[in-house]
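The next block holds one structure in the form of structure tokens; read it before the comments.
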Amino acid sequence: LGRGDLLRGPGVLAVRPGEDPWTAEEVAAAKAELEGEVARIHAELTASENALTGLMRDSGDGAGNDEADTGTKNITREHEMALAANARATLEQTEHALKRLDAGTYGLCEVCGKPIGKARMQAFPRATLCVEDKQKQERRG
């Protein structure tokens, strides 16, 4: 099944054989979920940046800190930085999904071009690969 075999018109998202087509309500719900996720991640990143600013400020005063306090603060700062990096990656994926939704390519595998599957997209709205290509990617490591 190639890209030309997909029965899609303007604004119609791809589905796997046997799946019901996306309804306008389902598309709107997917878009609202993704937009809500973007807003939530922006808030999370703001909170994380504020926490990091506080940690950096606290680590600079040095008065009365023993090595254990300094080590704990370093671990906390590294953890906060890892969380922020993870949130930024999720934000990128979510914004990419919104662009694909607007472009009409949401639900198409970025490797083979076949439909990812409506059920998979509803369960994992940021998916860019069909199950088969995702499994191949995971096996390659």
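All positions are counted from 1 along the displayed chain.
In case you wondered, yes, glycine gets a Cβ from its N, Cα and C as well.
Quick look at what TrEMBL lists:
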type: COILED; residues: 24-51; note: coiled coil
type: REGION; residues: 54-73; note: region 'Disordered'
type: DOMAIN; residues: 104-138; note: domain 'Zinc finger DksA/TraR C4-type'
type: ZN_FING; residues: 109-133; note: zinc finger
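Taken together, the residues of the domain 'Zinc finger DksA/TraR C4-type' (104-138) have an average pLDDT of 95.
With DSSP states grouped into helix (H, G, I), strand (E, B) and coil, the zinc finger (109-133) comes out at 9 helix, 1 strand, 15 coil.
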